[in-house]
Structure formats: structure tokens, C-alpha cells
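> What follows is a single structure, and I will ask about it in a moment.
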Amino acid sequence: MNPQAKLIFSTSLLLGTIITISSNHWMMAWTGLEINTLAILPLISKSHHPRAIEASTKYFLTQATASTLLLFSSMTNAWFTGQWDITQLSHPVSCMLLTAAISMKLGLVPFHFWFPEVLQGSSLMTSLLLATIMKFPPTILLYLTSSSLNPTLLFTMAIASAALGGWMGLNQTQVRKIMAFSSISHLGWMTIILIYDPKLTLITFYLYSLTTGAIFFALNSTNTLKLSTLMTAWSKIPSLTATLMLTLLSLAGLPPLTGFLPKWLIIQELTKQQLTTTATIIALLSLLGLFFYLRLAYCATITLPPNSANHMKQWQTSKSINALTSTFIVLSIMLLPLSPTILTIP
């Protein structure tokens, strides 16, 4: 892609995100989301591969439907209450429509079908954008309207997302699809605590984005798209695949790594709210995710190719891990001791 075109699309992506997260009027938030959608479409389809074109078409149709629902929700609320302010969403029908619209934008169950397919059709760096930055504006809208939303509906969708994200990730061999189902599972954790502690939802999103960024940068350095490629990637940059294992375990939520912090705080908050059963269910469902993270870690660091005729060993490269990748990896592994500081983040 032309560097000037890439710069324009990247700037538009940043602009759309800033417009949405800084607005308090529904029309401005909707405009920012539309700019985001239009900016990411060329980045998804830049390879001109049929799979990429299919992914961008699916993404456009899903996001257009979600934007229509969001606009309809805000107009319904304005019609009945005269309020266009995002924090003043009070009409029950509007709240229900908004939940459906944001769930569709994020890829929450039962509106998750598009997400793995779109990630599979995109490049690794575009997949990173779709899994992190593109989910930030809808998450902020959920945060702003959290006091108005239906707790039962959110709880049901959160448990379903955590379960389906874990189950569907078990049988995958494509790394991007595994990361897509990982994202769906983490969205369940973010949604379940939204009503009781919206700030904790944002902290979970920040730490999830940090760890996912580290994994995608590492995969991009070794050009890994499948589990079979991951098995031979250790010979390219051994130090990177060793730290990739720790980053995957952090995403799974194992102590004493960074990813343990949000899960620990969410379970603690649910227990405080007398929701011990819910906390137990979602903690057990995270074991499903732990299985496929361990499988990825196992393939990356322990498995040797079964047959030299089938798997040619890669040449070890002299290039070192770049500064951005190493920074993300260090932060995604070692932030747990800074928990008190992280909790002060607004």
C-alpha cells in the first residue's frame, strides 16, 4: 500500500477514535465510529486476496448494521426523553438496542460470528488493530452508559462469551482465529464487571490490549500464521519464542504475570457483590482458554518438528527483537507488582 495512503488511513483511525471517546453527544460518537469503520476497511483489504476482500465485506456489513442500531437507539431515547447526551440514556428500548449495537461492534456472543473470519482474512498487524484499537471506542460507550444497561442481559452475554471463546478456541490451528476467540473470551470478563465497577472494565481492556499487542508483535517478527509454523519458529529468534511463552501465559491469567491482575480483581469484586456462583463459573471457563494458550506456548517452545522431511528448519536470523516488541513483552509480563499504581488509572 502507498505510504501516503497508509498515513491517511492511520490518521483517520486515530481521529475517529478520539472523536468517539471525547464526545458526549450521540451524533458525534456515531460519526467517530463511522470514520473508524471507513478507515480500517482499506487496511483489511490491502492484500487484494479474495479472503481479505471477503473479510472487509463482512466487516463493513456488520459494522454498518451495528451503527444503524446505535443511531436508532439514540434517536429513540431522544424522541422519548429529549436527551442526546450519552450518559442520559434512560429509555428501556434504547438501552436494549444499544447493548445489541455495541455487542455487534465488539463481537460479543451472540454477535460474534464475523470476528474470527475477519481476523483470519486480515494481516497480523491489521488483526492487532481490529482486536485492540477498534474495540476501544465501543468499550468507552459501554463505560459511559453502564449505569443504564440491563444487568441480566449483560451477565448472560458475558458468561456465553467466556464459554464460547474458550470452547471454540480449542480446535483451531490458525493463530489469528485463536487470538479472535481469545478476544471474545476476554470481552466476557470485561462485560461481567461493567455494572459493578466500570473502571475495572477499562483496566482489563488496557491490560488485555497490552498483552495482545505483545503477542501479535512477536508473531509478526517470526511471520507465524499457523501452529505448524509456530513449531519451527523457535529456530529464527529463540529468545523471542521463549518470552512469547510467558506472554501467552500472562494472557491466560496465570500469576505472577500481568494478566493475573484483572482476573483477580474481577473475581474479588464479584465475590464482594455476593455473586460467588458467577465468579466460580467464569473462573472455571477461563480454564478452557488456559488450555489453548498452553498449547500455543507448547508449540512455540517445546515441540520439535516431527519429521525433517516435512518441516524444514528455519535459518536463525541475526536480527534482534525491536524495542517496541520488547517493551510490550516486558510490560505484559512484569506489571503485577505495580497493581496499586495501575488501580489509580482513571
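Indices start at 1 and increase along the chain as displayed.
Placement of Cβ uses the backbone N, Cα and C atoms for every residue, glycine included.
All TrEMBL annotations are machine predictions without curation.
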> Suppose you had to name the range TrEMBL annotates as transmembrane segment; which of 7-23, 24-40, 262-278 would you pick?
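When 7-23, 24-40, 262-278 are checked in TrEMBL, transmembrane segment belongs to 7-23.
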> Taking a Cβ cut-off under 8 Å, which residues six or more beyond the ends of the transmembrane segment (281-300) line up next to it in the same chain?
158-159, 162-163, 165-167, 169-170, 172, 175, 178, 181-182, 185, 188-189, 192, 227, 230-231, 233-234, 241, 244-245, 248-249, 251-254, 263, 266-267, 270
> Between the stretches 7-23, 59-79, 91-115, 152-171, 240-261, which wins on the count of C-beta pairs under 8 angstroms to the transmembrane segment (178-196)?
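Highest pair count goes to 152-171.
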> Out of 7-23, 59-79, 91-115, 202-219, 321-343, which stretch touches the transmembrane segment (240-261) the most, going by CB pairs under 8 Å?
321-343
> Is the transmembrane segment (91-115) close to the transmembrane segment (202-219), in the sense of at least 3 CB pairs under 8 angstroms with a sequence gap of 6 or more?
no
> Who are the long-range neighbours of the transmembrane segment (91-115) in its own chain, taking Cβ under 8 Å and residues 6 or more past its ends?
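Distant contacts of the transmembrane segment (91-115): 33, 58-59, 62-63, 65-67, 69-70, 72-74, 76-77, 80-81, 130, 135, 138-139, 141-142, 145, 148-150, 153-154, 157-158, 160-161, 164-165, 180, 183-184, 187-188, 191.
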